[in-house]
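*Asks:* So Swiss-Prot lists the following for this protein:
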DISULFID  32-69  disulfide bond
DISULFID  39-53  disulfide bond
DISULFID  54-97  disulfide bond
DISULFID  67-106  disulfide bond
CARBOHYD  44  N-linked glycosylation site
LIPID     120  GPI-anchor amidated serine
SIGNAL    1-22  signal peptide
């Protein structure tokens with residue numbers, strides 16, 4: 001029961017942060033983040049990967065690899081570090097769930113035969129999604145900090 005309240009509170013805070021930022025959120029990025037929410041404790045320093053994290057992560061790897069590309073970008077990595085997320089642990093997460101992810105594929109996807117307008121649109125979407133990931137990381141860190149104070 002207590003765990004359910006924590007997750008409910010977590011989602012309420014995320015929605016408030018997203019609404020207050022005025023940013024555009026597309027369905028794909030929200031879906032991706034919702035699927036990876038069970039991994040947040042691990043990304044905030046818990047050394048054991050929760051079992052409930054691996055299946056959603058495997059689904060994202062197979063069905064939405066662009067999500068992982070956004071999360072391993074230099075911009076997201078530096079912002080995640082500032083928010084207290086161990087980026088090395090985040091990068092090791094797929095392997096700890098028994099999955100292999102090739103980060104070179106992210107470069108191949110981004111350099112595919114797209115036009116300049118496609119690229120500029122992609123850059124705008126990537127910025128928006130990176131901003132959302134940073135907001136998520138900060139919200140998770142604040143919640144974790146508040147939980148430690150209350151406990």
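Any Cβ shown, glycine's included, is placed from N, Cα and C.
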*Asks:* Are there any residues at least 6 positions away along the chain from residue 54 (disulfide bond) with a Cβ closer than 8 Å to its Cβ? List them or say none.
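*Replies:* Those within reach of residue 54 (disulfide bond), by Cβ under 8 Å and sequence separation of 6 or more, are 96, 97, 98.
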*Asks:* Please give me the recorded positions out of 39, 44, 53 that lie within 10 Å of residue 69 (disulfide bond), comparing Cα atoms only.
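*Replies:* The recorded positions close to residue 69 (disulfide bond) (Cα within 10 Å) - there are none.
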*Asks:* Return the count of C-beta atoms lying within 10 angstroms of the C-beta of residue 69 (disulfide bond), excluding that atom itself.
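*Replies:* Summing over all protein chains shown, residue 69 (disulfide bond) has 20 other Cβ atoms within 10 Å.
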*Asks:* Spatially, and counting Cα to Cα, which of the disulfide-bonded residues is closest to residue 44 (N-linked glycosylation site)? Options: 32, 53, 67.
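*Replies:* Comparing Cα positions, the candidate nearest residue 44 (N-linked glycosylation site) turns out to be 53.
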*Asks:* Among the disulfide-bonded residues listed here (32, 39, 53), which has the Cα closest to the Cα of residue 106 (disulfide bond)?
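*Replies:* That would be 32, the closest of 32, 39, 53 to residue 106 (disulfide bond).
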*Asks:* If you draw a 10 Å sphere around the Cβ of residue 106 (disulfide bond), how many other Cβ atoms fall inside it, taking every protein chain shown into account?
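*Replies:* Its Cβ has 18 other Cβ atoms within 10 Å.
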*Asks:* When DSSP states are folded down to helix, strand and coil, where does residue 44 (N-linked glycosylation site) land?
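*Replies:* Note: residue 44 (N-linked glycosylation site) is coil by DSSP, not helix or strand.
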*Asks:* List, in sequence order, those disulfide-bonded residues among 39, 53, 67 whose Cα sits within 10 Å of the Cα of residue 32 (disulfide bond).
*Replies:* 67
*Asks:* Mind checking which of 39, 53, 97 has the fewest other CB atoms within 10 A of its CB? They're the disulfide-bonded residues.
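*Replies:* Across 39, 53, 97, these disulfide-bonded residues, the one with fewest Cβ atoms within 10 Å is 97.
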